[in-house]
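According to TrEMBL, the features are:
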{"type": "TRANSMEM", "residues": "21-42", "note": "transmembrane segment"}
{"type": "TRANSMEM", "residues": "54-73", "note": "transmembrane segment"}
{"type": "BINDING", "residues": "Glu114, Asp143", "note": "UDP-alpha-D-glucose binding site"}
{"type": "ACT_SITE", "residues": "Asp143", "note": "active site"}
{"type": "BINDING", "residues": "Lys292, Asp316", "note": "Mn(2+) binding site"}
{"type": "ACT_SITE", "residues": "Asp459", "note": "active site"}
{"type": "TRANSMEM", "residues": "531-549", "note": "transmembrane segment"}
{"type": "TRANSMEM", "residues": "569-592", "note": "transmembrane segment"}
{"type": "TRANSMEM", "residues": "613-640", "note": "transmembrane segment"}
{"type": "TRANSMEM", "residues": "660-679", "note": "transmembrane segment"}
{"type": "TRANSMEM", "residues": "691-709", "note": "transmembrane segment"}
{"type": "TRANSMEM", "residues": "721-740", "note": "transmembrane segment"}
Amino acid sequence: MGAVGMGYSPLFETNKGRGRVIYRPFAISLFLAIFFIWVYRLTYIPSKLEDGNIWVWLGMFGADLWFGLYWLLTQALRWNLVFRHTFKDTLSQRYEDKLPGVDIYVCTADPEIEPPMMVINTVLSVMAYDYPTHKLSVYLSDDGGSDITFYALLEASNFAKHWLPFCKKFNIEPRSPAAYFNNIFSMAHQNNQYDDHTHNIELAAIKKLYDEMEKRIQDSTKMGEVPKEARLKHKGFSQWDSYSSKLDHDTILQIILDKKDPNNSKDVDGVVLPTLVYLAREKRPQHSHNFKAGAMNSLLRVSSSISNGKIILNVDCDMYSNNSKSVRDALCFFMDEEKGHEIAFVQFPQNFENVTKNDLYGSGLITISQVEFHGADGFGGPLYIGTGCFHRRDTLCGMKFNNGQNRINDWTNNENDQSLEENLQELEERSKVLASCTYEENTLWGKEMGLRYGCPVEDVITGLAIQSNGWKSVYYNPKRKAFLGVAPTTLHQTLVQHKRWSEGDFQILLSKYSPAWFAHGRISLGLQMGYSTYCLWASNSLATVYYSIIPSLYLLKGTSLFPKMSSPWFIPFAYVIIGETSYSLLEFLFSGGTIQGWWNDLRIWLYKRTTSYLFAFIDTILKLFGVSDSAFVITAKVAGEDVSKRYEKEIMEFGTSSPMFTMLSTLALLNLFCFLGLLREGSTLEAFEEMFLQTMLCGFLVLINLPIYQGLFLRRDNGRLPTSLAIKSTALALSLIIFFRSLA
């Protein structure tokens, strides 16, 4: 605290978001309009609905009530936006000799879905951070227990001896070899301060080494086995002798690079390399392994025995470092003398390198990363999203916030005295026990220590538990993205991913970790509302499905469920529709999106609510009654050549039959048939005026579903919807209409 006071220079600054003075009155006016819609639903019931159809009107009231209340929750994420800026030069001047150790966790689970080459590019990118290498330790958690992944990591450790000096000499970005070589011409231009001839010679040499490494790894991956000469060369492969399957094996732990091994710990320039460790924790069929949360907790314990870094960064294996300064950015928050003591974790946004220009599947999550998380930061901090996040080790291990105690910022590493005296083999053997299946029995791991168990989105409940212990978090969104990953390239992958997220969030709402009661009084009301926004994703499905079916069916009947244009009650409906649509478009554009991207995002918003969220809601309810069980689904990180080409052209990829596609197609066809039925019957000007909002809603649902109609009837490529699904969906939609007409 000695630096605080006269002459104190902060390591970061916080600025309020612009435009809130304009937005807040607008939001209040929008809420007043929503209130008048509720009043209309309660006080006015059309005469045509009075006989036997009152439940339809009550359903509309319930949907409007839900939409309004949910919109109110989302305002917490837009009410008080804050933006951060770091001062890395000040950090270097003040603390360069006192920087803490940083342990980096890279998690992978399946070598087929997450190819080894992708994994090691992420590993190499974080090994090459602009940070003292003797204070960096990188751990690869391989829940697939693959000897091919281990072989790839060995190859990467040798390549790192050339790659890290190259990165530092030419100060390149990004430091993932694959990403760098893909952008080679722009990178070469940016580094024109160096002699071109020297740069080109070294570039050719390092590219040759990379290509040779890639060929060896790819050949091994295709053959499904590690070359015999490699097995004989490294003792680490002997740990696979007792291997039965990826769900039944001993702990496999290998310290590949470490300063304890002077013959294999330095790069070609003689500089010590970061510590590099491979871990495949013990798995047994009779023991629950708790998915990624279990892997992270094993890493927490094993790393405390080997390097014990004060700061921990965890990244998914497909999220490579795109900014070598990110560690220093994070430390500006942790090491600030005035506010750093209360910060538990620093969350960077989840960005993707393969998002198309108009973001076909809404994978960029633009409004979340550019608006909503800044809003959550204004109320005490963002959610922990499981990747691209820097933590204090102590807070992950369950330490509660104590204002007086935590103000003492001691960043010196407390290395285990025993580990200093042990050789690498002894250290490996002792650390293996910490990753055993039975280690956590009768302990607080997964309950009050480490990542919490019992939920598919373990990261969110862990972050909530940390914040409920009195800590704050920070959201940092720099101009140069800190991490870049791989977004889904098919609609099915996108919907499955969102089903897992929304199902996990809904489970949190119904669990002991619910922000409604677990966090009540522990975090701010605004942050509680922010958490609830995501926890209620699945619940949004019911009102959205109702709005996608009932108004269109009653359009065929000539029964209006909305006020006619000449009615004063039309005004609040029109104001909400125009106001919210205009704002969402402006918000999207100011966040860096395009008009077409906004339309695509709106389409995916509808698709998620009528499939992913609906199935998540149903599965969660079934799980409560013991009928269903949760499964952790890994999103595929690779796609076929034809799929990739269609994705680049922004052609929606279906290509398979699934219950989600059946639901989407049935709803799309239902609205199409209702709209065509209305056109066939024709209508007077008076009828159109009375049914205007209903007609517009049905027309909107038809227009936004154009890609589905193309996939059902017009396309001939392999990305179309199967013929069997087209027949099934058509039959279901027509059956629903016929059944509805029979009730008239």
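These residue numbers are counts, starting from 1, taken along the chain as shown.
Any Cβ shown, glycine's included, is placed from N, Cα and C.
Location within the structure of each feature annotated in TrEMBL.
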| residue | record | contacts (Cβ under 8 Å, 6+ apart) |
| --- | --- | --- |
| Asp143 | UDP-alpha-D-glucose binding site | Cys107, Thr108, Ala109, Asp110, Lys246, Ala280, Arg281, Lys283, His289, Phe291, Lys292, Ala295 |
| Asp316 | Mn(2+) binding site | Val106, Cys107, Thr122, Gly386, Thr387, Gly485 |
| Asp459 | active site | Leu383, Tyr384, Ile385, Gly386, Cys389, Leu451 |
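Long-range neighbours of the transmembrane segment (54-73) within the same chain, counting only residues 6 or more positions beyond its ends whose Cβ lies under 8 Å from a Cβ of the stretch, are 30-31, 34-35, 37-38, 41-42, 45-46, 529-530, 532-533, 536, 539-540, 542-543, 546-547, 550-551, 554, 561, 580. Between the transmembrane segment (721-740) and the transmembrane segment (21-42), the number of CB pairs under 8 angstroms, six or more residues apart, is fewer than three, so the stretches are not in contact. When Cβ neighbours within 10 Å are tallied across all protein chains shown, the highest count among the binding-site residues Glu114, Lys292 belongs to Glu114.
Ranked by number of Cβ pairs under 8 Å to the transmembrane segment (21-42), the listed stretches 569-592, 660-679, 691-709 are led by 569-592.
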